[in-house]
């Protein structure tokens, strides 16, 4: 079983990030460092008034591509949305911008590793329904996400009321697809620079077409098939340059028939993929129809959406958190770290990128 994909920067300007008093925003105590990248550092922390654990993210104010303020704005737009972490504070501490958000559990990529890199149909269907709802919530706020990947979906902290809720984090690449007030849709354009994670991005994104709601949903479909199959047909392709590799990935997606991609699994997965790939640029998706596809699969295989996921059955039914892992099993988001360089993350003609940090190693 592989360990989480993490590349950490050891840049010197991170070493003195925490404030000398150990307190930020007057209400948050900074604890141990749990993540670091070339554009920021993340600490575990505590909200003093309630003793609630939080993630405290520091970013140098003189960063070449500051992202924390934009991330804060997205969280503020989505404030109160189920499955989106709450922002507790944004401000400046000395030479750094600081963002304080909820601390969550592991991401779906790490849970996938723990489960032997295969999820059951039941788990994929239950997760799919939640993930579609998360993306619908983002779209309802006039935003498109643009970087769908398992790493950006996290479960809650064990033994809390949100433990079974799949959360979405990291909005550094989100943008408006319509005017929030007038609801006027952005115009269709081509020859756009690529942004996102190549493994999961839509075919239209590979072709340089402006992204819209349909692209988020197609990317979700690729994630669902990744979970079911244990991998995707366009993984592991090799080329002389990254540009050629990304082109190969796009070509393989276009030439892989949906029937081939979804072969051996309930027909609803192919129906999902056909539906989202046929959506128009400005078309409003039928999210209820898409969720119902997976409800139907559960019924067909004799299962219920009971909230019992594969990772909860690990360690003789004690769950993922009972495994032999390091002291902390909490995942936080950080900026500008490139992960899984073999075939996944690309960002061309844009600023910093996103990934997840884990503070533990996967079990053997």
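Even glycines carry a Cβ here, placed using N, Cα and C.
Per TrEMBL, the feature ATP binding site maps to 57. In the three-state DSSP scheme, residue 57 (ATP binding site) falls into the strand class.
What TrEMBL records for 28-290 is domain 'Protein kinase'.
Look at TrEMBL and you will find 1-22 tagged as region 'Disordered'.
For the domain 'Protein kinase' (28-290), the model gives a mean pLDDT of 94.
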